[in-house]
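Here TrEMBL flags 21-37, 49-67, 88-109, 115-134, 146-167, 187-212 as transmembrane segment.
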Amino acid sequence: MVDFWLQNWHEISTESRQADWLAFAAFMFWLWLIWPTHQLKSLLVDRELRQRFFIAATFIIGLWLLNANVMQGMHAHFLGLVSISMMFGWRLTSILVLPCSLFFSTFIIKQPAVFGAYSLIAMLLPIFLSYLFYIQSYKYLPKHLFIFIFFGGFFNAALMMASHISLWSLWLWATQQYSWSVLVDNYLVLIPLLGFPEALLNGMAITLLVVYRPHWLYDYSDKQYLWRKP
């Protein structure tokens, strides 16, 4: 095990491009815009919430380790972030994902310089887009448990996977690492292959949470989704 991590450590590249620094600046600006001061204060004083937070971060790192390296910079793995967003809210999830992204950039991609770009483009923006989809479904669709699970968990997770791969592909293309045809043939083609199991994983997780731990969900109420209205 020690030899494995030493080998990985020696394979880590310290090279960086100008685009990486620009992306890191944009990443810091985005964090400044969305910084969840109130939620972080709640995290500090609520021991149970803090435990769930760190367990969730550990789970995400473990899930991302089930990774398939397609080509350099192209990685296929489940995200699991819709379920986390439904538990902690999108802003706090954006903070939770940062150590996971740093670990992934350093030890899986093996390019720490892409931490800012990968965090912003492949994680934080898909989380935000997922939130936008959720609030629109909440606003326009009936308040029904099936709709909450299917649109908030199942369908939303598939869309997050699609946005994750699509946005990261745009970054790889914009930085001239790969041509668009290579990305389409080798990476974008994975969207339907990963989208459905990602949706199934998150849909099942949300279903289990609704049944056994509804109080863990950030924006769920039995009164709103289960109790019959007069």
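Backbone N, Cα and C atoms are what each Cβ position is placed from, and that goes for glycine too.
Most Cβ pairs within less than 8 Å of the transmembrane segment (21-37), among stretches 88-109, 115-134, 146-167, belong to 115-134.
Same-chain neighbours of the transmembrane segment (146-167): 79, 81-83, 86, 121-123, 125-127, 129-130, 133-134, 137-138, 187-188, 190-191, 194-196, 198-203, 205-207, 210, 220, 225, counting only residues six or more beyond its ends whose CB sits under 8 Å from a CB of the stretch.
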